[in-house]
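Q: The structure that follows is given in the form of structure tokens.
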Amino acid sequence: MFLLPLPAAARVAVRHLSVKRLWAPGPAAADMTKGLVLGIYSKEKEEDEPQFTSAGENFNKLVSGKLREILNISGPPLKAGKTRTFYGLHEDFPSVVVVGLGKKTAGIDEQENWHEGKENIRAAVAAGCRQIQDLEIPSVEVDPCGDAQAAAEGAVLGLYEYDDLKQKRKVVVSAKLHGSEDQEAWQRGVLFASGQNLARRLMETPANEMTPTKFAEIVEENLKSASIKTDVFIRPKSWIEEQEMGSFLSVAKGSEEPPVFLEIHYKGSPNASEPPLVFVGKGITFDSGGISIKAAANMDLMRADMGGAATICSAIVSAAKLDLPINIVGLAPLCENMPSGKANKPGDVVRARNGKTIQVDNTDAEGRLILADALCYAHTFNPKVIINAATLTGAMDIALGSGATGVFTNSSWLWNKLFEASIETGDRVWRMPLFEHYTRQVIDCQLADVNNIGKYRSAGACTAAAFLKEFVTHPKWAHLDIAGVMTNKDEVPYLRKGMAGRPTRTLIEFLFRFSQDSA
């Protein structure tokens, strides 16, 4: 008999089917170490029967229609993201999870600003793979569900959980494509998702483990193993001083951990002299707030205040693995923001690399201080584009929550490229204003050229972006405030609770499309 998760009435119905085992019993009968995830679509019309995917239909034929029979009596039709698990259907796959994919016709939703079909696949496959993981089965084959890249992303993202420091860990499940078609798209999805998982790991690791130096070493290890077309420079404090990065150093001086300026190069273009794209990421490996100290509640989350550095570095590692034919430079000023006798004090004035002076009225607005020097340095590479990412402001979380990354940019062309990439990945972005209205609030300063918090509490994300703009002269620059998407509670179904690693896949997709446009 089949072992089904059914109510009593349905179990009676199954017995009436007189279903027999499809293979001979015995020690060699079934490989209990492999599961299968198959997709089924919702009905387009009420009178229709739900359709399996191609892979689901083929498997149903392989078991003489039994999958359809038991699915029909096991409960109502599966809604998007829901699962049902069956056992004993085929000796190659003793455990089969059927997942609901929603409507087959689902496409780009202009109201939601994403591809609904791809998001449904990611969520459904993640749910199915977790069912296999809960059964402690170490291998799963996944139906491409009509989009092998989205299926791979759902599997790899959905199975990931940070448990590096625990003695008891979840079973590691290896996911691979069911069938031989679409292998290229599947592998691309694995790379995209693995990039986001790298960012999640960097962000989740406790701050005593993930120091500025350790962060740089992990990125170096991952980048060097990704491609031989790479260079990594872990710049010490003496180099930072030589570069006259006084704004960065003012934040770092409060901690016993030495600051590091991480500079990574991926040289994928056949033309070595081709100008690069430059990514800059905020790298505060722990943010106490400094002298303007934060409240104790949830301060532990500030181990992920280097999320900007984590996402941009992970995106570049992924670009290297994809062997994209472009040049990219990644810059990450790395330090802690701690209170001490050496720390910044409210009212201090510091000097940035471009000579501008900054009045530090709040030491908890430190991310913009380290980014100011990094953005100045970014211009030395004659870049095609400058994009920075930072968990910069709580105001961004209040404005957009976890729904989208806020993007402030001086280039509509760049905005459109990021927006298009985000529709594909489902990791959305939303354009925010860079009005002169906000610039006036940060340059109206009593003691220096600019103030690090501005005149008013209102529009904190906008005034922070206006502050950064004071250190940018490039006509194609975008600032991504990722504070609202730093963590995941239950908003993204294919990510477990914890640090989200967003918007890594959107940055990878942006680079992927840019490389195709440049070819």
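Any Cβ shown, glycine's included, is placed from N, Cα and C.
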Q: If Swiss-Prot gives Leu202, Met203, Thr205 as binding Zn(2+) 3, which of Arg68, Arg84, Arg303 does it give for that site as well?
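A: So the Zn(2+) 3 site in Swiss-Prot includes Leu202, Met203, Thr205 plus, from the candidates Arg68, Arg84, Arg303, Arg303.
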Q: Which of these, Asp300, Asp305, Asp373, does Swiss-Prot list as part of the Zn(2+) 2 site with Lys282, Asp287, Glu366?
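A: Matched candidate out of Asp300, Asp305, Asp373, per Swiss-Prot for Zn(2+) 2 with Lys282, Asp287, Glu366: Asp305.
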Q: Just checking, which of Ser54, Ser194, Thr205 (recorded positions) has the fewest C-beta atoms within 10 Å of its C-beta?
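A: Fewest other Cβ atoms within 10 Å, among the recorded positions Ser54, Ser194, Thr205, is found for Ser54.
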Q: Most Cβ neighbours within 10 Å: which of the recorded positions Arg303, Arg368 is it?
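A: Answer returned by the neighbour count: Arg368.
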Q: Report, in whole Å, the straight Cα-to-Cα distance of Lys282 (substrate binding site) from Ser238 (phosphoserine).
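A: Their Cα atoms are separated by 20 Å.
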Q: Please identify, among the recorded positions Lys282, Asp287, Ser292, Glu366, Arg368, the one with the smallest Cα-Cα distance to Ser194 (phosphoserine).
A: Lys282
Q: In whole Å, how far is Ser292 (substrate binding site) from Thr205 (Zn(2+) 3 binding site) when you measure between their Cα atoms?
A: 25
Q: With DSSP assignments reduced to helix, strand and coil, which class does Lys282 (substrate binding site) get?
A: coil
